[in-house]
């Protein structure tokens, strides 16, 4: 992933500070999600908070901006520490300013929102456990499931639920200069070690700040903020990918200048994190009819779909495989098989990642930054759920949905059917401002607990459930209908398919009646 996220603009410029002010009321959108066990799922009442980078930042003594457009006010922010002391984050109008709405278990993110004081571009949000802490997820041995509607986001846009190893309180306890914490969306980090984050480790990133040439709201400072990242879903209606990114350090940590590596530095591989990751993109793996708009694709992106991502443990208790399933129109659909010679498979494994780097001729920074073992450690630890919608000032999202590099003819360079001239941020803001993405019906629990083999939702248990051991939900006794599960490791249900269907092995963990 090559993430540079768009931010808000104009009179109330988005910026991240560490103090708190209350000129605007902060009312977070409620969002219900489900925690599952083998006996069913129960609702959890949560909420979402917008990242502090989008918020109005002004002097604690009044309403004078500390950051306007893509520049700091150097008369206030003479250095990073002083800036954090003098500037505050304020409350957010989620729907009116940022185009963020929720209803029950659905969260919708709008692309361009013309608010009362500003024009906002995209957003980044986090799931909250309570008013002051993020909801934490330990993915290893479990599965994460959600419904998504990508019909409203095309070439150049990315609706992206992903997990990162942020601090539960947004760094408030760790860094004395951070008085805002998770309540105001502080503490972001990812495997790009982003340097556009305006406050890092409780100080302003104002020193060495260079305003962007193309983004009127953003820039790059001396500091970056790094941590492992699991991209569950980076997607639009044309392409999708899921990608683990390990780091040599398991928790949030800062970096300086080009030693950060990633998108924001001249030495992409000079940091502590794997900026490229090991991705599974069906189009890049040679299947150009698996995912896309229309009934001729296995997954029709004009319709809502359920996305299931499973993090399997091996016999040694470590990460062995990351698998993907889809549910659409009541059918469970196995992930696409790679058609690339020398790089077979339909899931991510250590072997798949090694072969992919070799066959595609990519730099294997994945292995250098911890590889499969490093990712196992990250997925064993608590991570924060991020849900965002963004466009890309660095490479126009071509790495996701087009040919990238644009002049390349080598295997692996084709990632989607979008034109190499597509995805320019200014074009998107002008031509498709009403684009939006919706995420709903989020479920988390042991493998097999968040969906049924017939595509239906598990029944709720009699009482509240908590995350337990990895035990699949057993389907009813008898023979299995078409598209139902009929085998796999730890599966104890029926293995006979109804006539005329037969049980076909998809991978070690899943067989399906076809």
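Note: Cβ is positioned from N, Cα and C throughout, glycine not excepted.
Note on Swiss-Prot: of 408-433, 486-511, the range annotated with the feature region 'Disordered' is 408-433. Rounded to a whole number, the C-alpha distance linking residue 497 (disulfide bond) with residue 503 (disulfide bond) is 6 angstrom. Here the compositional bias 'Polar residues' (408-424) has long-range neighbours at 154-156, 238-239, 241, 281, 283-284, 288, 292, 340, 356, 359-362, 391-392, 396-402, meaning same-chain residues at least 6 beyond its ends whose C-beta is under 8 angstroms from one of its own. Computed over the region 'Catalytic' (18-439), the whole-number mean pLDDT of the model equals 97.
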